[in-house]
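Report on one structure; see the data block that follows.
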Amino acid sequence: MAKSADIYYKIHPWKIIEEGFRKEYAMVSESVFSLGNEYMGTRGNFEEGYSGDSLTGNYFNGIYEAADLEKSSYKGMIDKTEFIVNSANWLYTRIQADNEIVDLYTCKFKDYVRILDLKKGILTRSYIWVLENGKEIKLEFERFLSMKDAEIAAQKITLTPLNFSGDIILYSGIDFGLIHHMTGKNMWNIAGSTADNDSISMLGDTISTDQSVLVSCRFQVDCREWSDIEEEKKLVRRFVLSGEQGKSIEFIKIIRNLTRKDIKEEEKENFKTKWGKNQEVLHSLSYQKLREDTINWWKRTWQDSDIVIEGDGLNQQGIRFCIFQMHQTYHGADKGTIIGAKGLTGEAYSGNTFWDTEAYCLPFYIFNNTEAARHLLEFRYLTLEEAMERAKTLDCKGAFYPIATITGRECCSLWQHASLQLQASTAVAYGFWHYENITEDEEFIFENGLSILIEVSRMLASRGDWNKDRTRYGFYGVMGPDEFQMMVNNNCYTNYLGKKTIEYTLSVLKRYSNKNPDGYEKIIKKHCLLAEEIEEFHNIAKHMYIPYQEETGIFEQHEGYFNLPHVDIDKIPIEEFPLYHHWTYDRIYRNDMLKQPDVLMMMLLYNSDFTKEQLKSNYEYYEPRCIHESSLSPSVHSILASQLQKEEEAYKFFGFATRMDLDNYNRNTGEGLHTTSIAAAWMNIVYGFGGMRSDGKLLSFAPSLPKEWEGYAFKIHFKGDILRFKVDKENIKISSKAGLGIQILVYGKPYILGQDEINIPVIL
Ligand code: BGC
């Protein structure tokens, strides 16, 4: 892996600290210092403005724009795509003194420090601005997004003239004039604005998707005079502050952002009435109280989801950053929201959600916040109709889930992915299965999962085919998770996941018919599911072809893979990475090189279906062929390497899991955080070193301790209890918070967990 760490931030167990500001790191830091609360996200931009490289980014989950693509005469291509839209800058600020406006790109400054406090969810920054004439002003900034009331954000600026007394001008407002980075365009029409003594509001409508964002701000500051300036798409209040040497002036801005995603007429009418209400609500809020509530939210959250690593400050900071980002991006507050590949921290991947959600993120929520896991799955239920439309476009029956989406419609304009990858659909089915396996929430599966399972199975039964002699079933012309093998037949992962999906569908149908015959009849009718179709499902699952070489125990990634020309990936010069930029698209597809795990991914998801010998043979065959071009790749290899007691490899692949963004490993953190890889980093510790497996009947663990660590501890929410694991060089100590008597396996042996700690010698 041609990657190296770029350690820029100070190491601290609970804080990300930037001491001194390096301009070349400005965009990376904007991503790293992003704040989010699932509903909205704001990059760590300098609110006072910055004329160097920057992406001023403020996003709302589900507020998007659409663009028409060139119409293709080929059937199945999408002709419209959707992307997250950069909305209003609600933190807009400018600070002026003696005709100079502060700008860290051009001004003189000293004592710069920025701190993201992961424990509290508060971002602070301070420095001394040195004016051309030698005057000095200390500027301190603080901001947070409310975790209790997601529509609220708050900002405090403290200004202290250090060696003079005189006026300081502060501009604060709402700026809808931001440019969407990818398209280079602004996406807002201004529908109105208001201002009164201490607040301003502005309403923006998206240009083509008919959605709205209403931003209202209330100001608290002791000022000599103020006036409003309205420019195109921007409303700003100008405050004249009387600075006194050594005396701090505090400026507070509380922001309430309302969104209208729904385009129904009554929703629009409803939204209009919120205009005045917004100001009213703002008047009832206090900065201190909002701050306390947010700190308490994080306190509660950390209590039950922290991971402690002893003896490794870098990874301790790294994993806490990851956990923080997971909760910021999503915590199940709303059913229709998604996890974009970059969360709410940038515009790369267009804010779209991928199979990453079910395959990589869902485990974090299943074991930290079951309700959030359920809500995440509900998004797929709410978008079943769109998946069924997509199936029709692709000449299939049932439901074909999109590779990339915001609203449920396919947004991926690369047909190789959008038409050939079935893994989003099977990942959705896998997600429901995994959720049920852990929570036993059968009701939810009957209510929300079954419709999806029927329609996805139906799609599989129409997308796949029988071989010439009708002895085996498989999928032809597909692409598996490894995106370097296009248009292949019988991709092992796709066939295996297809088989599992259909088997699970049949099992849920059977259980439902036994437990609720009326409900069963209703759902059968609703989906017009015929007995012959069910019979066909059985047949397909039974005859699904899984390419496997008995003598070696290796699953063939797809038919013919073993005969592909071999590329020695160690001989590819470092300068040629990322390969997408240096090799033609078709050249990538013409050999046995892998972008990311495919067979190995299957072996992780359904781990207990395979023997350790099989895992070893496949790992040793496929890992040397994988270039890990996807950031999702190394953690999966690390988890499996741990299982195979390949400690050094496990640690090597873990090497950049927790710190991928903090150390800018992929050199693209500036575009936004790798949010779904961040989820894989959590898995890397819990499934990797903790050896947890959640695909069996009982939850099982096989902890190991990297020799670089003194110990580690993690927590798992499970069946209404919280299981606590502490691993050191000698022992594994396990207890449960509520002592519900949960049974687990450790190194294959059963244990019942109470509140009292049990001690098991660690196998190193
Ligand atoms: C990976 C996909 C993933 C997508 C979004 C791609 O580079 O190959 O598996 O879904 O990124 O994270």
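In case you wondered, yes, glycine gets a Cβ from its N, Cα and C as well.
Taken verbatim from TrEMBL:
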ACT_SITE  E483  active site, proton donor
BINDING   W355, D356, K595, Q596  substrate binding site
DOMAIN    17-257  domain 'Glycoside hydrolase family 65 N-terminal'
DOMAIN    320-683  domain 'Glycoside hydrolase family 65 central catalytic'
DOMAIN    692-753  domain 'Glycoside hydrolase family 65 C-terminal'
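K595 (substrate binding site) is 6 Å away from E483 (active site, proton donor) when you measure Cα to Cα. The recorded positions listed here are D356, E483; among them, D356 has the most other Cβ atoms within 10 Å of its own Cβ.
Under DSSP, residues within the domain 'Glycoside hydrolase family 65 C-terminal' (692-753) fall into helix, strand and coil as 0 helix, 35 strand, 27 coil.
For the domain 'Glycoside hydrolase family 65 C-terminal' (692-753), the model's pLDDT averages out at 97. Q596 (substrate binding site) falls within neither a helix nor a strand when secondary structure is assigned with DSSP, and so counts as coil.
Apart from W355, D356, K595, Q596, the substrate site neighbourhood in this chain, defined by C-beta within 8 angstroms of the site C-beta centre, holds F354, A359, P481, E483, M601, S630, L632, S633.
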